[in-house]
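Participant: The structure is given below, and queries will be raised subsequently.
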Amino acid sequence: MNAFWIAVAAVSLLGLAFGAILGYASRRFAVEDDPVVEKIDEILPQSQCGQCGYPGCRPYAEAISCNGEKINRCAPGGEAVMLKIAELLNVEPQPLDGEAPELTPARMVAVIDENNCIGCTKCIQACPVDAIVGATRAMHTVMSDLCTGCNLCVDPCPTHCISLQPVAETPDSWKWDLNTIPVRIIPVEHHA
């Protein structure tokens with residue numbers, strides 16, 4: 001029984017020592033994130049749709065900052081996001097990638113034709129924001145409040161029962177386009 005407690009104490013001391021070493025190493029050898037990547041990532045819409053060719057907003061921000069990727073590939077963010085990134089990086093704005101720029105693009109949501117849905121769940125697996133609910137061999141539906149209109153669920157559907165449709169603006173869904181409202185920062189003078 002005495003050997004048992006010695007073994008427990010030895011393993012506990014080893015765990016404590018290795019934990020302290022790992023804690024010290026994590027602070028001593030920490031790699032600082034690129035602040036430009038952080039700022040670009042904050043500007044991007046965080047829809048994680050992949051329309052830019054990257055698996056999410058963070059990898060796209062890293063590609064812009066580190067690899068010189070074009071700043072005009074974010075379809076959900078549109079021109080407003082591209083202009084903010086251009087201002088941050090102090091580069092010339094570029095037209096949107098392959099599309100005519102629109103100041104206020106219509107919000108699109110996926111709609112499933114429930115009569116043709118076979119419940120294969122391929123659209124659920126493709127949706128980056130989990131806006132589609134349903135079960136295997138059961139009818140699926142899209143939660144329009146969560147849908148970003150990224151179009152990633154349309155191609156995997158074997159019965160082609162998913163389409164994107166514009167959302168009609170109602171008093172409940174209408175929002176100010178805050179990107180068109182000019183904002184000026186006025187420095188405050190402190191008098192002592």
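The backbone N, Cα and C atoms fix where each Cβ goes, glycine too.
Because the structure is a prediction, the values reported are computed rather than measured.
Annotated region 'Hydrophobic' per Swiss-Prot: 1-26, in sequence order. Among the features that Swiss-Prot reports, domain '4Fe-4S' is placed at 32-91, with the record citing sequence analysis. The domain '4Fe-4S ferredoxin-type 1' feature in Swiss-Prot is assigned to 108-137; the stated evidence is sequence analysis. If you look up Swiss-Prot, you'll see Cys117, Cys120, Cys123, Cys157 marked as [4Fe-4S] cluster 2 binding site. Annotation source Swiss-Prot lists domain '4Fe-4S ferredoxin-type 2' at 138-167.
Please situate the listed features within the shown structure.
Facilitator: Taking DSSP states H, G and I as helix and E and B as strand, the region 'Hydrophobic' (1-26) has 25 helix, 0 strand, 1 coil.
For the domain '4Fe-4S' (32-91), DSSP puts the residue distribution at 32 helix, 0 strand, 28 coil.
Confidence over the domain '4Fe-4S ferredoxin-type 1' (108-137), given as mean pLDDT on the 0 to 100 scale, stands at 89.
If you take the C-beta of Cys117 ([4Fe-4S] cluster 2 binding site) and look for same-chain residues 6 or more apart in sequence within under 8 angstroms, you find Gly134, Met139, His140, Thr159, Cys161.
DSSP places the residues of the domain '4Fe-4S ferredoxin-type 2' (138-167) in helix, strand and coil in these numbers: 0 helix, 7 strand, 23 coil.
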Participant: Including all protein chains displayed, how many Cβ atoms other than that of Cys123 ([4Fe-4S] cluster 2 binding site) lie within 10 Å of its Cβ?
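Facilitator: Its Cβ shell of radius 10 Å holds 25 other Cβ atoms.
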Participant: Show, in sequence order, which residues other than Cys117, Cys120, Cys123, Cys157 on the same chain lie with their Cβ within 8 Å of the centre of the Cβ atoms of the [4Fe-4S] cluster 2 site.
Facilitator: Ile112, Ile118, Gly119, Thr121, Lys122, His140, Cys153, Pro156, Pro158, Thr159, Cys161, Ile162
Participant: If you draw a 10 Å sphere around the Cβ of Cys120 ([4Fe-4S] cluster 2 binding site), how many other Cβ atoms fall inside it, taking every protein chain shown into account?
Facilitator: 16
Participant: For Cys157 ([4Fe-4S] cluster 2 binding site), list the number of other Cβ atoms lying within 10 Å of its Cβ atom.
Facilitator: 21
Participant: Take the domain '4Fe-4S ferredoxin-type 1' (108-137) and count its residues per DSSP category (helix H/G/I, strand E/B, coil), listing them in that order.
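Facilitator: Split into helix, strand and coil, the domain '4Fe-4S ferredoxin-type 1' (108-137) gives 5 helix, 7 strand, 18 coil.
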